[in-house]
Amino acid sequence: MSRLQNDTFLRALLRQPTDYTPLWMMRQAGRYLPEYCETRRRAGSFLDLCKSPALACEVTLQPLARYDLDAAILFSDILTVPDAMGLGLYFAEGEGPRFERPLRDEWEIRNLVAPDPHAELQYVMDAVAEIRRALGGSVPLIGFSGSPWTLACYMVEGGSSDDYRRIKTMAYTRPDLLHHVLRVTADSVVAYLNAQIESGAQAVMVFDSWGGVLSEAAYREFSLPYLERVVAGLIRERDGERIPSIVFTKGGGLWLESIAAIGCDAVGLDWTMDIGRARALVGDKVALQGNLDPAILFAPPETIATEAKRVLDAFGPHPGHVFNLGHGISQFTPPEAVSVLVDTVHQHSRKLRGGR
């Protein structure tokens, strides 16, 4: 593998000094880019796009061709793992992801087993390897997975949900069943992320997208311990290089200090928490990633620049900040807005550190 030409992102995750604040965006390869939409059209379906290593590589690289981003992230979907468990993932027009066989009966739950990522998910590993080769050492590649709780939400609900009625009912009436789902899913996530690392991922991120729908007590029972189980099982070093881990709970500001204590290298923040206050709470224990409101990218260029500087100034010129949005970029974002954001973050963060 080629030696990294730009390791700013990895050094920031490890809280090492950097000349500027590195930046990447959740969903940076996505529908706001016309070239992505063209590749998606050629693929035929979203799942076909995910399952083609060549096309997944193509769309992963598209935002890097447009913008001076400091990391690439594997193009895939968090629901590949439950799909590999046999739940039958499909995408209904206008409804988003659905499962043909959601977990509703106890016998289905007791029969749930972790898939072999080198068998059922080999197409993801092939994509990781192909992307690493195509990057040629330009920037690091991030692998990712959904969190056990977030995956379980989809697996039990059968798709997206407004009220999480089925999984919360299970949590409060049959917690033993839910814990079984979470244990199997956590072990699946560990194996999946480690396989990505073995295939070439240089950092990994766990998306706990629905952790914020839980109460304080429920989060500490059904999400946090399984995030800790995942982090504890990850490969920490490969080929003499550290493999940093990022954990992101959307709506998880309440539990920031607890998340920072599970052993991950960085904690992702959504836009609802001041990043300066977050840094004061966690100190130098972990790096922080975030946390611009994605909706700011609909604003005029001067507003985008002002708000990006606000985030950078709040964190300050300290090591350990990766700039990102507080959630995924909207499909309606004007591509030129991202150019303003990237240029502002790189230029202003250099000035904060006394550079030009």
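Cβ from N, Cα, C; glycine included.
What Swiss-Prot records for Arg27, Gln28, Ala29, Gly30, Arg31, Asp77, Tyr154, Ser209, His327 is substrate binding site, and it gives sequence analysis as the kind of evidence. Feature annotation from Swiss-Prot assigns site 'Transition state stabilizer' to Asp77.
Counting other CB atoms no more than 10 Å from each candidate's CB, the binding-site residues Arg27, Arg31, His327 peak at His327. Less than 8 angstroms from the CB of Ala29 (substrate binding site) sit Tyr36, Val59, Thr60, Gln62, Pro63, Ile73, Phe75, each of them six or more residues away in the same chain. Counting every protein chain shown, 18 other Cβ atoms lie within 10 Å of the Cβ of Asp77 (site 'Transition state stabilizer'). Nearest by CA distance to Asp77 (site 'Transition state stabilizer'), out of the binding-site residues Arg27, Arg31, Tyr154, His327, is Arg27. All protein chains considered, the CB of Tyr154 (substrate binding site) has 27 other CB atoms within 10 Å. DSSP assigns Asp77 (site 'Transition state stabilizer') to coil, not to a helix or a strand. Of the residues the record lists as binding substrate, namely Arg27, Gln28, Ala29, Gly30, Arg31, Asp77, Tyr154, Ser209, His327, the two whose Cα atoms sit farthest apart are 23 Å from each other. Secondary structure at His327 (substrate binding site), as computed by DSSP, is coil.
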